[in-house]
Amino acid sequence: METPSQRRATRSGAQASSTPLSPTRITRLQEKEDLQELNDRLAVYIDRVRSLETENAGLRLRITESEEVVSREVSGIKAAYEAELGDARKTLDSVAKERARLQLELSKVREEFKELKARNTKKEGDLIAAQARLKDLEALLNSKEAALSTALSEKRTLEGELHDLRGQVAKLEAALGEAKKQLQDEMLRRVDAENRLQTMKEELDFQKNIYSEELRETKRRHETRLVEIDNGKQREFESRLADALQELRAQHEDQVEQYKKELEKTYSAKLDNARQSAERNSNLVGAAHEELQQSRIRIDSLSAQLSQLQKQLAAKEAKLRDLEDSLARERDTSRRLLAEKEREMAEMRARMQQQLDEYQELLDIKLALDMEIHAYRKLLEGEEERLRLSPSPTSQRSRGRASSHSSQTQGGGSVTKKRKLESTESRSSFSQHARTSGRVAVEEVDEEGKFVRLRNKSNEDQSMGNWQIKRQNGDDPLLTYRFPPKFTLKAGQVVTIWAAGAGATHSPPTDLVWKAQNTWGCGNSLRTALINSTGEEVAMRKLVRSVTVVEDDEDEDGDDLLHHHHGSHCSSSGDPAEYNLRSRTVLCGTCGQPADKASASGSGAQVGGPISSGSSASSVTVTRSYRSVGGSGGGSFGDNLVTRSYLLGNSSPRTQSPQNCSIM
């Protein structure tokens, strides 16, 4: 389409080509064309000015209305969030106070634990000394028992010898009695022989008297007869009679002397024999008495030693019983104190874990509030930048705390680059945490809820009758599977408990089917615990799913944002004494956009700096970590905690706020 100046130039060119013009005419025509062109430009400018004024009036009206709406919304939101921030600050103050109190209690409990440990060490030292003393006493007792057994064996030997000696003494006493009896018989025979000798002497005297009487009578008769005989033969008869008498007397005297000698010889021989037998018996009896006396002396000494050893043994046994009783009392006291302290430590750990969970929930709430406040701040800053309004003091302070990367992309009246969203990709990853305190461990948990696999890691069979598997998915109802009463898991064997919906075959003892449940359940936080028959948790495995939302853009600023995200994420893990919490993704439930990242402050959390509005990538990870207060021993804060990350979305300002957004 030709303009008026072009049409005029065409006409003038045609006229000039038809008729030649003078220079003055040409000059005037050019001036006329210039004036017409200026008039056309002025008319166009006036029309443009009028349209711009009309548009400006409409825009001013819209700005006024928008300012009124924004002022009303900002005032309401400011009041609401100031109240919420006040409550959050109070909650954080109370949590900080509670944490300080718990730290003081923890330090106190640790001091008590150290004291109890020192006392326990001392008691163990005393116990070791008592055990050493007990061993010495047992060795002494064994030596005394050996000496006692030796003394008893000697006593038995001496008793045997005493019994033999008593038998010999009895025999000797019997022989002595026999010898005494023989001596008495010999004495009786001697007396009898003496009596007989006396009788024979008396008889001999009597016979002598009789013979003398007879001799006198014979003499008298012979004398009488000799009177009658003649005197010649009287001498002959007298001599014959004297010879006969002398011969008879000599014979009688020889017989008596011979009988006396024989009797004396027999008596002296028997008396010598009896005396020798008595001497031998007296010697044997003396020796037996001496041996018996020595045996009695030895028996008395051994009995005294035995009684002394028995007294020492009784004293040692009494002392040993006292030591065992005191040792048992000390063990019971130590065991009771240790049980009480362990129970107190378990209660303290449970309270600490409960306080830590509450503190974690409060920090989650705080981080969500910080993200919402940051999102509102981004919206307000975007509107202020679009409308070229003066920033509020809060925005200035917020920009003053921003990182250098955000300052470079937002400062100096730079123009925000337009971005075009091409595609959105979500990635899910699982993190696992397992704990085992017995022989059986939870080896594998299916992400889709098809099965749970257990393994016996020991070298012994494990009876699992009436054991339970408890499955918890977030706030969903608890699922409980109970093993058969006679089920036993062999050493090194694996058992898989299938859900009914998995289509597996029931094949004990390696494959069990839970017919009452179609699935074990699936979700973002799956906790599987193995409970024994006494109700104690012996194994646990927790499966946490993290969803990462990644948006691909046309702009080349995505690499810068990813680089910034990587640097901030890596810098947060430099301290080896930090414990990271488990990963989460915060997404808007209505608009589908990830929540913006907040610059969380405080003693408990560490997050990355703010992201510039000109960045194109919307996948941002905010990692919160806790610094360990105590040592690395059991019962510290970081034992049962895992990483927690917040995956945030696009931080660029929106041109229009979404309606009914749960985050906004």
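From the backbone N, Cα and C atoms, a Cβ is placed for every residue, glycine too.
Fair warning: this is a prediction, and the values are worked out from it, not measured in the lab.
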Annotated SUMO2 cross-link residue, as Swiss-Prot has it, among LYS90, LYS261, LYS486:
LYS486
SUMO2 cross-link per Swiss-Prot (candidates: LYS311, LYS319, LYS515):
LYS311
Here are some residues: SER12, SER326, SER437. Which is flagged as phosphoserine in Swiss-Prot?
SER12
Write out how many residues of the region 'Coil 2' (243-383) are helix, how many strand and how many coil, based on DSSP.
141 helix, 0 strand, 0 coil
Translate the DSSP assignment of LYS32 (N6-acetyllysine) into the three-state scheme.
helix
Going by Cα-Cα distance, which of the modified residues (LYS97, LYS123, LYS155) sits nearest to LYS265 (N6-acetyllysine)?
LYS155
Of the recorded positions listed as LYS32, LYS123, GLU330, the one whose CA lies nearest the CA of LYS180 (N6-acetyllysine):
GLU330
So what's the mean pLDDT when you look at the region 'Head' (1-33)?
63
Please list, in sequence order, the residues in the chain of LYS201 (SUMO cross-link) that are at least six apart in sequence and whose C-beta is under 8 Å away from its C-beta.
none
Let me know how many other Cβ atoms fall within 10 Å of the Cβ of LYS114 (N6-acetyllysine).
10
